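Got a structure for you, questions after.
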Amino acid sequence: AAQDIAVQGQNLVTDNISVVEGEVATISCRVKNNDDSVIQLLNPNRQTIYFRDVRPLKDSRFQLVNFSDNELRVSLSNVSLSDEGRYVCQLYTDPPQEAYADITVLVPPGNPIIESREDVVSEGNETELTCITTGSKPATSIRWMKGQVELQGDLSVEETNDRMFTVTSTLTITVTKEDDGVPVACIVDHPAVKDFQAQKYLEVQYKPEVKIFVEFPEGLTREGENLELTCRANGKPQPQQISWVKLDDDVPSHAVITGTDLLIENLNKSYNGTYRCVASNSVGESYDDYILYVFDSRAGEGAPQKMDHAVIGGVVAVVVFAMLCLLIILGRSFARHKGTYFTHEAKGADDAADADTAIINAEGGQNNSDEKKEYYI
């Protein structure tokens, strides 16, 4: 039994009680300051259940748990709805004192039941789920979970003649193909029970998902080679009809179609175009396209080698050009250095015995001599 907030009289204390139907309720009448006054417990009809430690009432479901100067504690087993009401703790003082203990009986709901408007629904359509739980007290609340997502339903509550409640929640959702196989749970929240739920798995039909795969060749589609395509389609229900078409033209007459495979041998450029795989089921139709472009028979061959040669040739050219530029610069620098030597030392001075002879023998030596003479004058 669940104990609520204590209810106090002048010198008397008791508790309100909530108890699940069929379980045990314990009523406690406590005296704060004992003055040897007599304490008794009365039922909602004010019949005496216990007077001190004596039970005048002929109902064996009431049993004495504790009696002392400060407390009278009584248990009530197999609680039923008829036991609900206000029980009275009474202390014989002048004037008499009373404290009241309200017993509330909780009735757990029946097993929740999920019903669906249709067992199978197509993607993009609405479906309606209904969860019903009966015979609860108080009325239950109902939550919905689709996978890990909480959803809100429309709740209706109906009270029956025996103070019980029937609660119905209706959930309306628009489904997608991702919802196929996803559990939807109706969760009942009630003080008497925990994690009480029913579950249903969605079954959603959806149109095919189509994908074309190239089985051969691995690289470019070149003239003279073969092309093999495979079409894979999955849907619910599984598509039975799969066909190949070529947009704006007919499929080549010698193409071989085997179930989901398309084989074209000895390719040439006249086969260029868009090839489409179409799959359908009762929900709808889907397709995937493959664009064929036939290259020359030797397209792509040797390209890496030619590229390597071109790169190597370019590098060599740059190196040669740099070396030529370096030689030219060195040559010009050397020439300037040699000219300066002859200007200061004079050409022909190498074999002269002394400086004067060198000046006479040098080219233009006369001019230099005159300049020397003018300088010394």
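Just so you know, the numbers here start at 1 and follow the chain as drawn.
Here the Cβ of each residue, glycine as well, is placed from N, Cα and C on the backbone.
Keep in mind that this is a model prediction, so the values were computed, not measured.
Reproduced below are the annotations present in TrEMBL:
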- 3-104: domain 'Ig-like' (DOMAIN)
- 108-203: domain 'Ig-like' (DOMAIN)
- 208-293: domain 'Ig-like' (DOMAIN)
- 310-330: transmembrane segment (TRANSMEM)
The domain 'Ig-like' (3-104): mean pLDDT?
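On average, pLDDT over the domain 'Ig-like' (3-104) sits at 91.
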Mind checking how the domain 'Ig-like' (108-203) divides into helix, strand and coil residues in DSSP?
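In the domain 'Ig-like' (108-203), the DSSP-based counts are 3 helix, 60 strand, 33 coil.
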Treating G and I as helix alongside H, and B as strand alongside E, what does DSSP give for the domain 'Ig-like' (3-104) in helix, strand and coil?
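For the domain 'Ig-like' (3-104), the helix, strand and coil counts are 3 helix, 58 strand, 41 coil.
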